[in-house]
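According to TrEMBL, the features are:
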- 25-45: transmembrane segment (TRANSMEM)
- 57-81: transmembrane segment (TRANSMEM)
- 102-128: transmembrane segment (TRANSMEM)
- 148-168: transmembrane segment (TRANSMEM)
- 180-199: transmembrane segment (TRANSMEM)
- 219-240: transmembrane segment (TRANSMEM)
- 252-275: transmembrane segment (TRANSMEM)
- 295-321: transmembrane segment (TRANSMEM)
- 350-369: transmembrane segment (TRANSMEM)
- 375-395: transmembrane segment (TRANSMEM)
- 407-429: transmembrane segment (TRANSMEM)
- 435-454: transmembrane segment (TRANSMEM)
Amino acid sequence: MGNKEKKKKDKDSSGDDRVALKKEIGLLSACAIIIGNIIGSGIFISPKGVLEHAGSVGLSLIVWVCGGGICTLGSMCYAELGVTIPKSGGDYSYVTEIFGGLVGFLLLWSAVLIMYPTTLAVIALTFSNYVLQPAFQNCLPPYVATRLLATTCVLFLTWVNCYSVRWATRIQDIFTVGKLLALVLIIVVGIVQICRGYYDALKPSTAFEFMEDPSVGQIALAFLQASFAYSGWNFLNYVTEEVVEPRKNLPRAIYISIPLVTLVYTMTNIAYFSSMTPAELLASNAVAVTFGDKLLGMFSWVMPISVALSTFGGINGYLFTSSRLCFSGAREGHLPYLLAMIHLKNCTPIPALLVCCTATIFILCIGETHNLINYVSFINYLSYGVTIAGLLYLRHTRPNLARPIKVNLLIPITYLIFWVVLLGFSLYSEPVVCGLGMVIMLTGVPIYFVGVQWKNKPKWLYRIVEKVTYVGQRLCYVVFPQGDPSETEPLTSSKATD
C-alpha cells in the first residue's frame, strides 16, 4: 500500500476511520522517489555481472551508459501514460485499463510472486554480504549466515512497516544518506586515483581487450544485469495520485533523475576500474568493500557500513512500494480483499506486508544472487515492454483521448525494438532462468479464471474465504479504508470520450 499510509485521516459520523489521498509529492520529493528507489544494492553488485557478460571494461561502461539511455526512453513513455491514466499502481493499472483484467492480473501475479520478492531477496543478500564480509576477508561468508542475517533484516523491517508509518519513512530518509555517502566517496576517491595516473584499465588500448569474445546473448545478459541496478525508474508512476500537478512534475522529475543516476552509475564504475583490475573485480563478492580495502586504509570500514545502510534503506523502500501494489490489486478485486485492508489505528497494510515478507524469505532460501538478478530482470523487462506496447495500442484505439504529454512515436518503437532483441537473446542464452519466469507468470491464467472470472462459486467456498478473511482481520486488526471512489475511477468508465 506504500504511500497509502501518507493519507489524511478524519472521522466520519459513525466513528470509522476515513482515509483520503493527499497530494503532497512535489518536484523535489518526486525526484527523491525515483533516485532513492533506483540507487540501492544494484550498483554495488551488478558491476561484477555486467563485466562478466560484457567481457571487457570498455564494453561494460557502454552497457551502463546505454542502460540509462534505454531507461530514459521508457520513462518518457511512462510519463505519457501517467498523465493519460492518472491512477496509482504503475504498470499494473495501465495494462489493466488498456488490455483488460487478464493481462493486468498476470503482471500483478508476476510482480507479487517474482519481481518484488526477488528484488527484496537480492537486496537483503547484498546487505548481509557487506555486513559479514569484513569478518570473512579471505573467503566468502557462510551460506547459512548470509541467509539468516538477510531473513532477520527482512523480518525486522516488515515489523517496522507494520507498526508505524512514521518509523518506516524516517528509516528511509536516514538511510538514504548512507547510499549517497557510499557513492560520493567512491567517485571522489576514483577521481583522485585517475588524477594520480591510475587509469590503465580505462585506456582505450586496454579497455576493449576482451577476456573472451562476447556473443550477442552475453551482451543481452550484461544489459539485464545493468537493468537490475536501474530498476525503480518507474516507481513514481505507482503514486501518481499523490503527485502535485502530475502533468508538470511527473515528466520533470523523470528528465532530472534518470540522467543524474546514469551519470552517477557510470562515474562509480569508472572509479572501480581506477583501482581494481577486471580480474580483481570479478573475484570480489563485495565490490565496494574490495575498493575500500585497497584505497581507504584504516578508514576502509566506512565502505561496508555505508553500503549496508544503503541496502537496509532499499529493503525498507521496496517493502513500502510492494505493499501498495498489493493494495491496488486487491482494490481491483484481483487479489484477496484481506490485502486491501489496513490496521485500524496505525493505517499500515499488515496483510500485504506479511505476504511480501513471506515470499521474500522463501526466495532467499532457494536462489543465488546473480541468477536471481537475471531472473527478476527478465520479468521486469517483460512487464515494461507490455506496458509500452499498451501505449501504442492506446494511441491506435483511442487517438482522440486527451494526452497532456504525447511523446514521439519513435521513442516507444525504439524501446520495443531494443526490448524484443534483449529478451530474445536473453531467452536464448538463459532458457531455464527466463523460461521458468514465463511459466510462473502463465500459472496466473488458471488462477485468474478461477479466482476472478468465475463468479458463481459454490457457497461453501465463499464461506471459507469469508472465514479466512474474518480470522485475518482479527489477527491483524485491519479494516477496509474508506476513501473517495472518484480518485481511482478507471479510464474505461470516465466521462471522457474519443
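Cβ coordinates come from backbone N, Cα and C, glycine included.
Where the annotation comes from TrEMBL, it is an automatic prediction and has not been curated.
Counting Cβ pairs closer than 8 Å to the transmembrane segment (25-45), the top stretch among 57-81, 148-168, 295-321, 375-395, 435-454 is 295-321. Sequence-distant contacts of the transmembrane segment (295-321), counting only residues of its own chain at least 6 positions beyond either end whose CB sits under 8 Å from a CB of the stretch, comprise 2-3, 36-37, 39-41, 44, 116, 119-120, 123-124, 126-127, 130-131, 133-134, 153-154, 157-158, 160-161, 168, 171-172, 174-179, 181-182, 185-186, 189, 193, 235, 238, 275, 286, 288-289, 353, 356-357.
Contact count against the transmembrane segment (407-429) (Cβ pairs under 8 Å) is highest for 375-395, out of 180-199, 350-369, 375-395. Here the transmembrane segment (375-395) sits against the transmembrane segment (57-81); at least 3 CB pairs are under 8 Å, leaving out pairs fewer than 6 apart in sequence. Note: the stretches the transmembrane segment (252-275) and the transmembrane segment (219-240) are in contact (3+ CB pairs below 8 A, sequence gap of 6 or more). Per-stretch counts of Cβ pairs under 8 Å to the transmembrane segment (57-81) identify 219-240 as the leading one among 180-199, 219-240, 350-369, 435-454.
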